[in-house]
Amino acid sequence: MKSVMRNHSAIRTFVILGLTGDPQLEILAFIFLLIAYMFSVIGNLTIISLVLVDSHLKTAMYFFLQNFSFLEISFTTACVPTYLHIISSGDKTITISACFSQIFFIILFGATEFFLLAVMSYDRYVAICKPLHYMSIMNSRVCRNLILCCWVSGLLIILPPFGLSLRLEFCDTVIDQFFCDASPILKNSCSDTWFIEQLIVFSGVLTLIVTLVCVVLSYIYIIGTVLRFPSAQQRKKAFLTCSSHMIVVSMTYSSCIFMYIKPSAKDEVAINKGVSLLPTSVAPLLNPFIYTLRNKQVRQSFYDTFKRLANVSKKF
């Protein structure tokens with residue numbers, strides 16, 4: 001018995017299998033992930049910078065969009081660079097402490113993003129249903145408090161299962177994913193993980209239901225209000241202001257539900273690695289384009305800022 005316990009305690013690293021075992025496909029995966037990561041960081045940093053420098057974007061909507069872009073950068077940075085390093089170095093091992101750090105930040109940023117999407121839907125509700133009171137309701141103090149609530153909620157969601165997981169002992173090292181995820185980590189444990197698994201499912205479902213209810217209720221009221229607008233032009237304009245957010249919400253919920261609302265980790269359920277690429281790499285890449293291409297103010301701000309930079313460079 002003591003020998004078995006020593007073997008368990010001797011495990012200090014996990015092995016990340018990654019997206020594929022084929023070296024040629026791994027090179028393609030490296031190129032795709034590197035390009036997607038670079039463009040997602042550049043795109044989201046562009047939105048953050050535009051909101052900082054453009055006075056026309058100093059409203060609650062763009063304040064939340066700026067924070068959303070920061071979360072997108074943080075989320076993809078927590079996932080992708082580690083795997084890029086694994087491919088480039090050929091060393092597939094990761095220490096248990098590094099693995100737990102990665103999963104902590106992935107879930108923290110992911111959960112916070114869900115709550116922020118709910119806040120953004122409420123912001124759209126106030127803008128369309130109570131336009132005359134929008135500036136007074138969504139003032140800077142309220143916006144800061146809502147952002148703080150998102151972060152605190154994300155932290156409260158992850159702390160209970162994460163704290164319990166730190167006490168686990170492991171008798172296997174393989175993680176069949178390209179980043180550290182809860183399910184393969186629990187599979188590697190020789191401890192009883194039933195309670196932790198139920199807590200993870202409860203936390204995931206709670207986050208999903210609470211945020212989804214906020215989103216759905218907001219858009220029910222928005223649709224009801226918009227349909228009462230007298231002109232078709234007003235209705236079209238109102239729906240356009242919400243379309244970017246609706247697309248992002250649809251992408252986020254549809255992809256993450258497959259990643260985090262799963263059956264028992266002890267079951268032999270294959271994780272869809274293609275689906276996991278959507279929130280970790282593809283969505284952070286697409287979201288800046290979704291918001292800029294469908295938002296006239298952001299496009300105009302981008303063009304104006306680009307012109308100013310071009311004029312400054314000509315002087316030198």
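Quick reminder: no glycine exception, Cβ is built from N, Cα and C everywhere.
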Query raised in the report: Which one of 168-188, 273-293 shows up in TrEMBL as transmembrane segment?
Result: 273-293
Requested in this report: Give residue numbers and ranges for long-range contacts of the transmembrane segment (103-122): same chain, 6 or more residues beyond its ends, CB-CB under 8 A.
Outcome: 61, 64-65, 67-68, 71-72, 74-75, 78-79, 146-147, 149-151, 153-155, 157-158, 162, 179-182, 185, 207-208, 210-212, 214-215, 218-219, 245, 248-249, 252, 256, 260, 279
Query raised in the report: What average pLDDT is reported by the model for the domain 'G-protein coupled receptors family 1 profile' (43-291)?
Result: 89
